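TrEMBL annotations:
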- A:205: active site, proton donor (ACT_SITE)
- A:7, A:8, A:9, A:10, A:11, A:12: NADP(+) binding site (BINDING)
- A:106: NADPH binding site (BINDING)
- A:190: L-homoserine binding site (BINDING)
- A:138-309: domain 'Homoserine dehydrogenase catalytic' (DOMAIN)
- A:287-315: region 'Disordered' (REGION)
């Protein structure tokens, strides 16, 4: 497949870098200011070196990317809330041109799911978005394999930053502020960790899951969301006395989405440690399935994007 | 009381359903004359054979009631009827045959627990969530006027956990407390 990649952050760069290994060709790669475009395949390494050297990716305008001959648009620009722009428009243009779109950007799938599906229905192309939920962990494809109708609920830990903070607080008996500073030093938490610690990031992923289970109907505003900022170290100590710990747990069903700190058994499946993610897929006929792995990271998330590309039918 | 279970002429199927088993029910009675007798009648009336009654006078529950533990024997399929009959008679059943009934859940509360009157919070949990606080652990590293945490282990009638947790959630939001709930669904 010929890939046009919008977004040159960790994920977009890794997709470009790994595409060849998966048998695909990159015909365009753009960040918000410039683009490298070549219908015969761009020189990925050279473009990434130019960008790393504080230069532009290439000489083309980002707008040119969508005019190129490509098969799959990889939408890896930063997640935005509300109207989910410009990611939504990028995907619309791909579908209107009868191309496929693979999203790593959570915004359009969480906030404008029905519109995306309507555009897809009128297009020869399809959309896939495995990378939006749980990074490298095959969550959506597992649900697809079980058929969404037979999945009754999805629960789990889908934010590594919050999980890292809670794990360290429990292990070291430290308070939130202290561990957050440490996580920022280690590069686990961003300078502005708000979306991770207030539950928004996890909520977007569970909204996407609810949309898949119920075939639409959910946006962030429909989710009940609590973060971990108000959890003191003493709460984790008390939980441990009882063989439990606290994790930021999300739940998605056809009835709703909920994210908040919850008590879980200390040695239970959902009490993953560090930045690890886990999902529990509850099925009607096959009990619960668990998948755990790396929920973030450039190469990890890129593998989810490239798996999606591999599942697309030829145009 | 004390009829052997196989001697009750009015219970023809008592012997055909796999014999009898021993159960313990824990009741909570108002401290008024006649309450004990009133609480035992539904057991006998529904084919239960009373084995022992432990009337813990002087051991008052947080609600100011008297806990009573009753051991009884009955056929397994009668036990539900007995518990239902007790509840229909307005008797507060705290725990019924531990392994079959009664659920235990823990919650952690976080906030200005002392300033917002912890004992009032606990009695509201008992009243509004219909739960019994079995155990409480408080940690107030910043002193009583700072943020503190409390873990409460609650006994809840079986099948009522979700309602009870919802009631606790609403008490928490009333009082500005963070309620860390247990994850009830699935195999956590």
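Glycine residues also receive a Cβ, built from the backbone N, Cα and C atoms like all the rest.
These figures come from a predicted structure and were not determined experimentally.
Distances between the Cα of residue A:12 (NADP(+) binding site) and those of the recorded positions A:106, A:190, A:205 are shortest for A:106. The Cβ of residue A:7 (NADP(+) binding site) lies under 8 Å from the Cβ of A:30, A:31, A:74, A:75, A:76, A:77, A:78, A:104, A:105, each on the same chain and at least six residues away in sequence.
Mapped onto three states, the DSSP output places residue A:10 (NADP(+) binding site) in helix. For the region 'Disordered' (A:287-315), the residues of the chain that approach it from at least six positions outside its boundaries are 1, 3, 9-11, 13-15, 17-19, 22, 24, 71-72, 74, 76, 98-100, 102, 104, 124-126, 128-131, 134-139, 141-142, 146, 158-160, 269, 272, 275-281, judged by C-beta separation under 8 angstroms.
In the structure as shown, the Cβ atom of residue A:10 (NADP(+) binding site) sits within 10 Å of 17 other Cβ atoms. Comparing Cβ neighbour counts within 10 Å across the recorded positions A:106, A:205, the minimum falls on A:106. Considering only the recorded positions A:106, A:190, A:205, the residue whose Cα is spatially closest to the Cα of residue A:11 (NADP(+) binding site) is A:106. Each of the binding-site residues A:9, A:12 was scored by the number of other CB atoms within 10 A of its CB, and the lowest score belongs to A:9. Within 8 A of the CB centroid of the NADP(+) site residues A:7, A:8, A:9, A:10, A:11, A:12, the other residues of that chain are A:5, A:13, A:14, A:15, A:31, A:76, A:77, A:104, A:298. Separating the Cα atoms of residue A:8 (NADP(+) binding site) and residue A:106 (NADPH binding site) is a whole-number distance of 16 Å. Between residue A:10 (NADP(+) binding site) and residue A:205 (active site, proton donor), the C-alpha separation comes to 19 Å.
The predicted model assigns the domain 'Homoserine dehydrogenase catalytic' (A:138-309) a mean pLDDT of 95. In the three-state DSSP scheme, residue A:205 (active site, proton donor) falls into the helix class.
Distance from the CA of residue A:190 (L-homoserine binding site) to the CA of residue A:9 (NADP(+) binding site) is 14 Å.
Long-range Cβ contacts of residue A:190 (L-homoserine binding site) within its own chain (separation 6+, distance under 8 Å): A:161, A:184, A:196.
The residue listed as 'L-homoserine binding site' falls outside any helix or strand according to DSSP and counts as coil.
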